[in-house]
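Taken straight from TrEMBL:
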type	residues	note
DOMAIN	52-301	domain 'G-protein coupled receptors family 1 profile'
TRANSMEM	36-61	transmembrane segment
TRANSMEM	73-93	transmembrane segment
TRANSMEM	113-131	transmembrane segment
TRANSMEM	151-169	transmembrane segment
TRANSMEM	211-237	transmembrane segment
TRANSMEM	249-271	transmembrane segment
TRANSMEM	277-300	transmembrane segment
Amino acid sequence: MTFFTIFVLIYMEQNNQTVVREFILLGFTSQWNLQVLLFVFILFIYMLSLMGNFLIIVVVLAEPLLHTPMYFFLGNLSFLEIWYTSITVPKLLANFLSRSITITVNGCVTQYYFFFSLGATECFLLAVMAYDRYLAICSPLHYSTIMNHRLCFHLSTSSWVGGFLSPLLPTILISQLSFCGPQKINHFFCDSDPIFKLSCSDTYIQEAIGYTFSSVVILSSFLLTMSSYVNIIANIVKLTSAKARKKTFSTCASHLTVVTIYYGTIIFTYVRAPSTYSFGLGKVVSVFYCVITPLLNPLIYTLRNKDVKKAIWKSFTRMRQ
C-alpha cells in the first residue's frame, strides 16, 4: 500500500467517510435456476478449454514433428489461454453458487493487471502467428532462414514482456484511486469501467490513459495481424493450383476465425468512448473473450490440422502400449 493510499484512508476516516476495502462481484443473475444452468455450461467449457490447451502443450513438446515455429507459437498461445481464462472463470463459477463473492481492493487491482497483461500478450502473439503464416506462404523459400529458432524466441519473449508492460502504468494509476462506497461491482471480474464507476476520486486521468493504452495495443496488433492475412489472401489468389488454393485458404480461414472473434469482442468492449459502456451488454460480450475464445483456439487450430491430429493419435498410442 503506497503512502498516498494510506494518507487518503486516514483523511476519509477522519471525515467520517466509509473506506471500502473489498468489493462484491454481482455476476450475472440472482435467479437460482438460471445460475445453475450457467454454472454447468461455463464449467463444462472451462474444463474443455483447460484440457484442450494442456493437450496441445504436451503434444507440441512431445512430438518432434511439431517442433516448428508455427507450433512453438501455438504452444505459447495455449499456455497463455490456460492462465487467461483462469484469471476470471473460477470467480465467475463461485459467483453462481453463492449469494455474493467478495474480492479485496488489492486483489481486484491484481486481477485487473494480470487480465489485461495476458490479453495484451494474446494480441501480440496473434500478430506474431499471422506474420509467421505470412512468411510461410508468401516467402516459402526463405521461411526457414528468416523464421529461425533465435527469431522465434525473440518474438515470443517480446510478446510476453510487451504484454506485461503494457497495462503497468494504468494499473499503478488505478491503485491510487480511493473507494468510499458503494462496493458492488456490476460484473463477474474487475474490469476497468466497473472499477472507475465505484471510485470516489476523479478518474479522468486513469480513464484517459487506460483507454489510450488499450486502444493502441488492440488496434496496432489488429492492423498488423490483418495486414499479414491480406497479403496471404492476395498470394493465395495468385496460386495456379485449385487444390493448393483450397488447402492454404482452409488453414488461414481457421486462423481468421479466432482472430475475428477475439478482436471483434475486445474492440467492441475497449476501443470506444467510456460514456457508451453498457454493463449488461459488457458482461455478455466478456464471456466470449474470457470463456469461449480460450476453447475455440485449441479446437480450431488442431481439429482442422492433420499434423496435430496425427501427433495426438501417436501420443495416445504410446500411452496404451
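In case you wondered, yes, glycine gets a Cβ from its N, Cα and C as well.
Unlike curated entries, TrEMBL annotations are predicted automatically.
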Residue numbers, six or more beyond the limits of the transmembrane segment (249-271), whose CB comes under 8 Å of its CB atoms: 119, 122-123, 126, 129-130, 133, 137, 192, 211, 214-215, 218-219, 222, 225-226, 229, 232-233, 236, 282, 285-286, 288-289, 292-293, 296-297, 300-301, 304-305
Kindly say whether the transmembrane segment (211-237) and the transmembrane segment (113-131) touch, using the definition of 3 or more Cβ pairs under 8 Å where each pair is 6 or more positions apart. yes
Averaged across the domain 'G-protein coupled receptors family 1 profile' (52-301), what pLDDT does the model get? Just tell me the whole number, please. 88
